[in-house]
Amino acid sequence: MEKANWSSPVAGFIILGLSDHPGLEKMFFVLILLMYLVILLGNGVLILVTILDSRLHTPMYFFLGNLSFLDICYTTSSVPLVLDGFLTPRKIISFSACAVQMFLSFTMGATECVLLGMMAFDRYVAICNPLRYPVVMSKAAYVPMAVSSWAIGGTASVVHTSLTIQLPFCGNNVINHLACEILAVLRLACVDISINVISMRVANVILLGVPVLFISISYVFIITTILRIPSAEGRRKAFSTCSAHFTVVVIFYGTLFFMYRKPKSKDSLGQNKEDLSDKLIPLFYGVVTPMLNPIIYSLRNKDVKSAVRNLMSQKCFTR
């Protein structure tokens, strides 16, 4: 970190947040705080039931528990700073704290991309090869799959965060964003960032393109298998086992692709600038999606709803 500070003569960064829209800060503070509390409660309950209820000790719910824990970590890495920024215009964050936040946010986002691909494979085996499911998705298989998701996300984050913090910023330390997001920080560099751009594109192919392709192929086989089931009730039951995951995938990747494919706003001189939507769309991706995940899995899964009811009844009974 000493080397990073030597090559980057900024002691910290100023995060503008919504300082250009002061009338919205208090409203968004209350809204994001409520969403964050829902995220903690919803995902926390899912983690508890997947641990405490023996009926949920299966690969699918193991991955779901990892997804819930990941969503809590992802939002916790940025939301508290965003909330503080709403109350403190032009929030100052140290260089090291900004680097830590970039690392954590990128790790969680990259890990979720890979984890959703692992969950698609689990649903593929369960529906297309149900007789082999206990063998293929044994504990010796699904635990390393989850661990590898975290390892891939962490490794990619180390690479991109290291490349970013080594850049010289030449005193340009104003981040026109809600938090320390890697792309926003890269815009402050006063040298050529071609290596960073290339590495980011490679990461997009590996962490976005490959999982999306894998998930798409998995669901082609899943849908084909479901359509071959003769009874309507059988097709409904088969689809219900993967509908929650499919919904989460559509929301997660749909928001992500929209966020990065949206044309950047231009000022009067044609230079890139951040308008309100450029800031709020990543916030939607980082808060709304983790909030919806436990809701989707709870509403579309009888086992989860039953486990939650049992947990609540046990709490009431102990009182």
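Cβ from N, Cα, C; glycine included.
Annotation source TrEMBL lists transmembrane segment at 28-49, 61-83, 95-121, 141-163, 205-227, 239-260, 280-299. Under the heading domain 'G-protein coupled receptors family 1 profile', TrEMBL lists 42-297.
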Would you confirm whether the transmembrane segment (280-299) and the transmembrane segment (61-83) meet the contact rule of 3 or more C-beta pairs below 8 angstroms, pairs 6 or more apart in sequence? yes
Restricting to the domain 'G-protein coupled receptors family 1 profile' (42-297), report the mean pLDDT as a whole number. 85
